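Engineer: What TrEMBL lists as NADP(+) binding site is B:ARG48, B:ARG54. Annotation source TrEMBL lists FMN binding site at B:ARG131, B:SER132, B:SER133, B:ASN243, B:ALA244, B:GLY287, B:LYS302, B:PRO303, B:THR304, B:SER305, B:SER306, B:ARG328.
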Number of protein chains: 4
Amino acid sequence: MSHNTFGHLFRVTTFGESHGIAIGCVVDGCPPLIPLTNEDIQHDLDRRRPGQSRFTTQRQEPDTVKILSGVMAHPETGVQVTTGTPIALLIENTDQRSKDYSEIKDKFRPGHADFTYEAKYGLRDYRGGGRSSARETATRVAAGAIARKILPDVKVRGALVQIGPHKIDRDKWDWDEIARNPFFCPDKDSAAFYETYLDGIRKSGSSIGAVIEVVAEGVPAGWGAPIYAKLDGELAAAMMSINAVKGVEIGAGFGAAELSGEENADEMRTGNDGTRFLSNNAGGVLGGISTGQPVVVRFAVKPTSSILSPRKTVDRAGADTDIMTKGRHDPCVGIRAVPVGEAMMACVLADHFLRHRGQVGG
Amino acid sequence: MSHNTFGHLFRVTTFGESHGIAIGCVVDGCPPLIPLTNEDIQHDLDRRRPGQSRFTTQRQEPDTVKILSGVMAHPETGVQVTTGTPIALLIENTDQRSKDYSEIKDKFRPGHADFTYEAKYGLRDYRGGGRSSARETATRVAAGAIARKILPDVKVRGALVQIGPHKIDRDKWDWDEIARNPFFCPDKDSAAFYETYLDGIRKSGSSIGAVIEVVAEGVPAGWGAPIYAKLDGELAAAMMSINAVKGVEIGAGFGAAELSGEENADEMRTGNDGTRFLSNNAGGVLGGISTGQPVVVRFAVKPTSSILSPRKTVDRAGADTDIMTKGRHDPCVGIRAVPVGEAMMACVLADHFLRHRGQVGG
Amino acid sequence: MSHNTFGHLFRVTTFGESHGIAIGCVVDGCPPLIPLTNEDIQHDLDRRRPGQSRFTTQRQEPDTVKILSGVMAHPETGVQVTTGTPIALLIENTDQRSKDYSEIKDKFRPGHADFTYEAKYGLRDYRGGGRSSARETATRVAAGAIARKILPDVKVRGALVQIGPHKIDRDKWDWDEIARNPFFCPDKDSAAFYETYLDGIRKSGSSIGAVIEVVAEGVPAGWGAPIYAKLDGELAAAMMSINAVKGVEIGAGFGAAELSGEENADEMRTGNDGTRFLSNNAGGVLGGISTGQPVVVRFAVKPTSSILSPRKTVDRAGADTDIMTKGRHDPCVGIRAVPVGEAMMACVLADHFLRHRGQVGG
Amino acid sequence: MSHNTFGHLFRVTTFGESHGIAIGCVVDGCPPLIPLTNEDIQHDLDRRRPGQSRFTTQRQEPDTVKILSGVMAHPETGVQVTTGTPIALLIENTDQRSKDYSEIKDKFRPGHADFTYEAKYGLRDYRGGGRSSARETATRVAAGAIARKILPDVKVRGALVQIGPHKIDRDKWDWDEIARNPFFCPDKDSAAFYETYLDGIRKSGSSIGAVIEVVAEGVPAGWGAPIYAKLDGELAAAMMSINAVKGVEIGAGFGAAELSGEENADEMRTGNDGTRFLSNNAGGVLGGISTGQPVVVRFAVKPTSSILSPRKTVDRAGADTDIMTKGRHDPCVGIRAVPVGEAMMACVLADHFLRHRGQVGG
């Protein structure tokens with residue numbers, strides 16, 4: 001029962017605080033003989049890295065990852081491969097600027113975990129949120145890069161599909177657009193709109209929420225498990241564990257509540273390439289087990305609570321006061337949640353892939 | 001790593017199939033010396049029991065629970081109490097009517113777990129869905145009744161807040177109404193409307209989705225845990241594990257995506273009874289830890305896939321065919337999900353209460 | 001974190017008290033499509049059943065097992081097979097004679113768990129030891145029978161190799177003798193000696209300890225895992241969890257402390273049937289992973305603490321007193337520990353077999 | 001299900017190979033507000049550090065530990081304390097000398113885990129045993145130092161009680177002697193004898209086994225748990241997980257097999273300081289729960305398999321060959337197992353202390 005570990009056969013334990021010496025993780029359960037280099041991991045980390053556009057925090061962190069264990073040059077090929085032992089990854093913190101936070105040391109920032117950490121632990125790391133900072137998600141992305149190496153035939157991709165009340169036009173969905181705008185937005189026109197829209201929010205010192213969609217293609221039928229280890233249940237927990245996430249849905253999601261049985265249940269017909277479904281309201285999961293259709297998850301990210309407007313709050317002594325959060329923050333934290341959501345999807349799938357390979361019942 | 005167990009310190013392992021001899025569960029981790037009788041559990045089971053109105057399945061199951069272990073008469077008081085050892089609960093199946101299902105033995109019902117169980121296990125229990133049947137949720141309700149006994153100062157209540165596209169009027173919310181209509185609906189007028197609405201759906205052999213809200217009052221600040229054991233993460237997994245659930249949200253949920261930081265972050269002011277919040281968009285959870293506000297979870301339930309209209313499907317041999325599901329089914333399975341959602345909330349809270357009592361870090 | 005569950009992929013959760021309504025277990029993680037009948041389980045239970053000779057407790061329990069879930073007739077062959085869902089097993093208690101125990105209700109029996117259960121839970125089930133009774137081991141034997149079905153090419157056999165100071169003559173080891181005497185003793189002559197020896201102990205109302213050896217043949221090289229999931233580590237925990245066990249050793253065990261590196265390390269030579277070892281001091285495990293040699297575990301069982309001689313003790317109020325345990329007890333509980341040790345070995349191996357099949361690293 | 005993690009509420013995950021960049025661990029579940037400095041950990045590490053006498057490996061490792069996360073200066077006192085978040089510890093490897101091992105790259109060293117790692121993973125880290133090296137135990141000692149901080153009223157001490165066939169004289173037991181000889185031996189005269197004895201073994205390039213005893217004083221009655229989470233069961237697994245350990249016993253251990261019920265069961269009398277026992281054959285544990293007496297565990301350590309004599313073995317291609325292990329090794333690895341055994345005892349007790357504090361049943 002760890003608070004800092006997820007996964008069963010593919011297990012990730014993360015550590016580190018926003019303004020500590022380093023953050024990192026231990027990936028346990030990775031099969032042996034999988035080629036793995038620093039670059040494999042760095043590539044994914046760079047997609048999440050802060051300071052890459054004016055729409056994300058200006059904190060400058062190179063986020064250079066170091067593999068401490070679990071790999072070696074293969075005795076015959078010389079290619080660096082996993083050995084089956086735990087893979088420890090380290091990312092040193094460099095741009096910490098702790099002094100930015102000293103004045104909020106004794107006040108609870110509304111919408112942040114300040115009050116609750118203090119209630120639980122009797123103290124909190126006020127420097128940038130400490131452990132509750134989204135900085136922790138860098139280690140998830142690093143772990144996700146390893147998960148992807150275990151899943152060579154599965155493609156996991158995420159996209160931002162809504163900022164504030166503005167949803168993308170799904171008919172214009174083009175995965176290639178994702179890399180062409182700073183929002184991971186698959187709809188070119190919406191991306192253009194978001195640029196102006198977010199500039200306004202950024203300049204006013206405000207923030208806004210977003211919705212992210214993550215899709216896994218290539219997952220065969222039969223992964224996942226019934227009852228309390230359902231693929232969708234574990235995806236829900238994984239996505240909800242991401243900072244600022246307040247809702248998760250699979251396939252038709254909340255929309256399914258409005259449908260009739262005739263509209264919702266995906267009919268089946270045998271295609272050229274085996275059994276297939278005529279729609280995917282299920283989001284690729286029935287009874288907790290994959291159907292062979294794309295696995296589709298969406299999650300809602302609340303707006304950053306760090307904003308420039310003064311807010312009513314209380315201090316550690318219980319006195320009423322006001323607070324205004326300076327520091328460097330994302331006007332829309334949802335943007336950088338895209339690679340994090342992909343990483344969580346990849347990790348959950350890698351875990352279920354390993355369970356499936358053992359054909360484990362239960 | 002069990003597929004049939006949930007919880008950490010308060011652990012529930014369930015077993016049994018829709019048309020087997022019996023269903024049941026083992027509740028492990030219940031503290032000793034808690035008064036517990038069959039009646040405590042039966043009371044909750046009766047709220048979920050099928051066949052109580054024309055809006056739920058007509059299967060007749062008395063759902064009589066038997067405590068097999070883990071309790072004894074207290075040596076001094078004679079009151080039956082828990083002993084700290086595992087509490088096994090048994091519910092025998094009586095009204096099984098297996099023959100109803102024989103003709104769908106070789107066809108996959110769209111929207112059900114038939115195809116995926118077959119893909120995973122190489123066979124499936126075609127009798128009423130076997131293990132994937134919502135019948136399993138009776139054991140969750142039984143376990144939840146024990147969880148409630150551990151949480152005497154916490155009130156866990158659920159309500160149906162939407163059927164199809166029809167949401168209740170939240171201004172008319174009255175918890176007392178819940179027990180007065182067959183929908184667990186807190187809005188009297190909506191309940192009246194649902195009666196007519198669902199009669200239409202029932203008579204046409206169709207089905208419809210719903211949204212359920214579960215609220216826990218009395219949870220103090222500081223329960224829950226960071227990162228991968230977040231209270232909301234575990235609630236999301238718990239609710240998503242309920243049959244037919246496709247979405248989960250906490251507090252403002254998906255609505256938070258549309259809010260600005262100013263609108264979303266709950267401000268704080270010191271009240272007479274200690275620190276409090278001026279709103280509850282957080283749904284009682286910040287950073288995975290309870291705030292002291294009510295914990296609010298909503299989940300979307302898809303419409304039953306068992307409907308009278310013929311549907312396109314394939315059979316076990318891969319040939320295209322049609323299927324029409326007879327048998328006795330709920331026109332809106334969401335209704336009976338209300339006590340199940342309450343039970344899951346109670347179990348997750350009992351688990352976190354025990355962790356909190358040990359003041360466990362991590 | 002359950003106190004009543006063991007195993008990871010092959011998981012067993014047991015419940016029930018000595019004098020409750022029933023005992024039982026839930027076996028989770030059994031692969032699907034394995035033929036399984038009541039008889040398969042009953043066969044093993046009958047080997048452990050009390051009251052079969054004058055050297056075991058005279059409590060009469062038919063120990064009839066009932067499979068409540070997890071099996072069905074295969075749709076094509078009609079053979080009863082596992083479905084991959086949890087297998088619940090129930091054994092009703094019949095011969096409970098609770099009144100035998102009423103007079104020790106307030107006294108702590110030396111050598112039993114009376115005092116410690118009271119210290120931990122604030123009450124204890126004084127009727128036959130409640131949960132701490134060796135009666136719980138019947139459920140282990142039942143689970144072990146399922147484990148054996150998963151391991152068709154592995155032969156797990158146990159033998160009693162010492163009673164009191166009297167060790168068997170290992171040169172006379174004959175597995176066929178096990179079934180011919182009431183001691184599971186592989187040495188005919190020692191068995192004859194034990195008969196007289198134990199009669200003396202039994203008649204004097206005393207008891208005596210024993211050592212059991214369990215051997216698994218057919219385990220291929222590569223099962224098990226490093227560090228904290230070592231095959232020998234998990235076997236040690238499994239055997240130590242059996243009532244009255246005070247020591248566990250693998251291969252040369254404590255004898256290895258007296259050896260030099262030359263004597264102890266098993267040399268290797270390539271045999272006709274692949275790589276083999278020239279000795280087996282390792283007991284079939286190196287670095288926590290199986291070598292392909294027989295896996296050999298021994299464990300020491302202390303004498304029953306229930307004896308006729310009056311013993312110094314204290315009562316629940318803290319006053320000094322004496323106690324004499326009547327009731328029906330085993331003069332040498334080690335005897336019935338043989339099938340229990342086999343069951344634990346089978347369960348641990350089934351768990352590692354499933355992990356191995358998934359080729360899980362970590 | 002991790003192979004590299006142990007503990008439940010106090011959880012330790014270790015990583016790193018003998019000749020990799022670094023070794024380390026993540027300690028999860030440590031309560032907040034416990035003062036903790038590098039020095040606290042370094043002190044214990046220095047007791048285990050290699051190269052401190054001629055009786056341990058001459059590898060020179062400073063074993064300097066670095067706390068990467070989980071601590072901060074208390075906002076009021078300035079004292080460095082734990083925060084309740086995961087504590088990551090890092091020890092860089094410095095003296096690696098990989099070339100020593102290049103010639104054994106393709107041969108399996110008898111008695112080592114070379115053959116079994118290759119069988120399990122398809123490759124092995126031949127540099128100093130990789131993950132299977134006793135170097136990993138440094139991280140256990142580091143974790144154990146944190147466990148001790150959680151257990152301020154419990155004293156955990158280990159002693160070497162046997163080398164080869166030579167047992168210490170228990171009547172001469174003096175804990176103060178432990179620090180005065182390089183063997184952690186509590187009997188001055190035996191220590192003097194071991195010096196000469198081990199010099200002979202060391203000079204001949206041989207090795208010898210040992211027995212270690214670890215005692216925990218101050219453990220109150222009621223820690224531990226029944227059935228599969230027994231304190232002695234978890235201690236057995238913990239000790240057996242230490243490199244080269246082949247046997248574990250509690251209290252009278254294997255000696256209990258030779259005792260009668262009258263001799264073995266510890267009688268009770270009420271002492272001035274509450275209930276006490278008149279002997280401690282139970283080793284402080286009854287029914288898996290602590291009695292309030294000292295918890296006593298012994299474990300047998302086999303002789304190092306790295307010796308100078310040529311040994312029969314096979315190579316990776318399956319051909320017969322001979323091998324002679326050069327490199328720097330311990331003539332009696334049992335010696336350095338003393339602080340490791342203490343660390344494992346401290347970790348298991350810290351885990352059970354946290355469970356006890358929550359008064360968790362189950």
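Our numbering is plain: 1 for the first residue shown, then up by one each step along the chain.
Using N, Cα and C of the backbone, Cβ positions are placed for all residues, glycine too.
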Engineer: Let me make sure I understand the structure: which of the binding-site residues listed (B:ARG48, B:ARG54, B:ARG131, B:LYS302) has the fewest other Cβ atoms within 10 A of its Cβ?
Structural biologist: B:ARG54
Engineer: Taking Cβ atoms only, which of the binding-site residues B:ARG48, B:ARG54, B:SER133, B:THR304 fall under 8 Å from chain A?
Structural biologist: B:THR304
Engineer: Name the secondary structure element type, per DSSP in three states, that contains B:ARG54 (NADP(+) binding site).
Structural biologist: coil
Engineer: Across all chains shown, how many C-beta atoms besides its own are within 10 angstroms of the C-beta of B:SER133 (FMN binding site)?
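Structural biologist: Neighbour count, Cβ to Cβ under the 10 Å cut-off: 20.
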Engineer: From the binding-site residues B:ARG48, B:ARG131, B:SER133, B:ALA244, keep only those with a C-beta under 8 angstroms from any C-beta in chain C, and list them in sequence order.
Structural biologist: B:ARG131
Engineer: Run through the Cβ atoms and count how many others sit within 10 Å of the one on B:ALA244 (FMN binding site).
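Structural biologist: Excluding its own Cβ, the number within 10 Å is 23.
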Engineer: Please report how many Å separate the Cα atom of B:ARG131 (FMN binding site) from that of B:ARG48 (NADP(+) binding site), as a whole number.
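Structural biologist: About 18 Å separate the Cα atoms of these two residues.
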Engineer: Express the distance between the Cα positions of B:LYS302 (FMN binding site) and B:ARG48 (NADP(+) binding site) as a whole number of Å.
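Structural biologist: Cα of B:LYS302 (FMN binding site) to Cα of B:ARG48 (NADP(+) binding site) measures 18 Å after rounding.
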Engineer: For B:ARG131 (FMN binding site), what is the secondary structure state per DSSP, taken as helix, strand or coil?
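Structural biologist: SS state of B:ARG131 (FMN binding site) = helix.
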Engineer: To the nearest whole angstrom, what is the C-alpha distance linking B:THR304 (FMN binding site) and B:ARG54 (NADP(+) binding site)?
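Structural biologist: Counting only the Cα atoms, the answer is 15 Å.
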Engineer: Distance between B:SER133 (FMN binding site) and B:ARG54 (NADP(+) binding site) at the Cα atoms, whole Å?
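Structural biologist: Rounded to the nearest whole number, the Cα-Cα distance is 20 Å.
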Engineer: Can you tell me the CA-to-CA distance separating B:SER306 (FMN binding site) and B:ARG48 (NADP(+) binding site), as a whole number of Å?
Structural biologist: 19
Engineer: Whole-number Å only: compute the distance from the Cα of B:ARG54 (NADP(+) binding site) to the Cα of B:ALA244 (FMN binding site).
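Structural biologist: Taking the Cα atoms only, B:ARG54 (NADP(+) binding site) lies 20 Å from B:ALA244 (FMN binding site).
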Engineer: How big is the gap, in Å, between the Cα of B:ARG48 (NADP(+) binding site) and that of B:ALA244 (FMN binding site), rounded to a whole number?
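Structural biologist: Cα-Cα distance, B:ARG48 (NADP(+) binding site) to B:ALA244 (FMN binding site): 16 Å.
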Engineer: Where does B:THR304 (FMN binding site) sit in DSSP terms: helix, strand, or coil?
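Structural biologist: In three-state terms, B:THR304 (FMN binding site) counts as coil.
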Engineer: I want to verify one value. Collapsing DSSP to three states, which class is B:ALA244 (FMN binding site)?
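Structural biologist: It is coil.
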Engineer: Inside 10 Å of the Cβ of B:THR304 (FMN binding site), count up the other Cβ atoms and send me the figure.
Structural biologist: 27
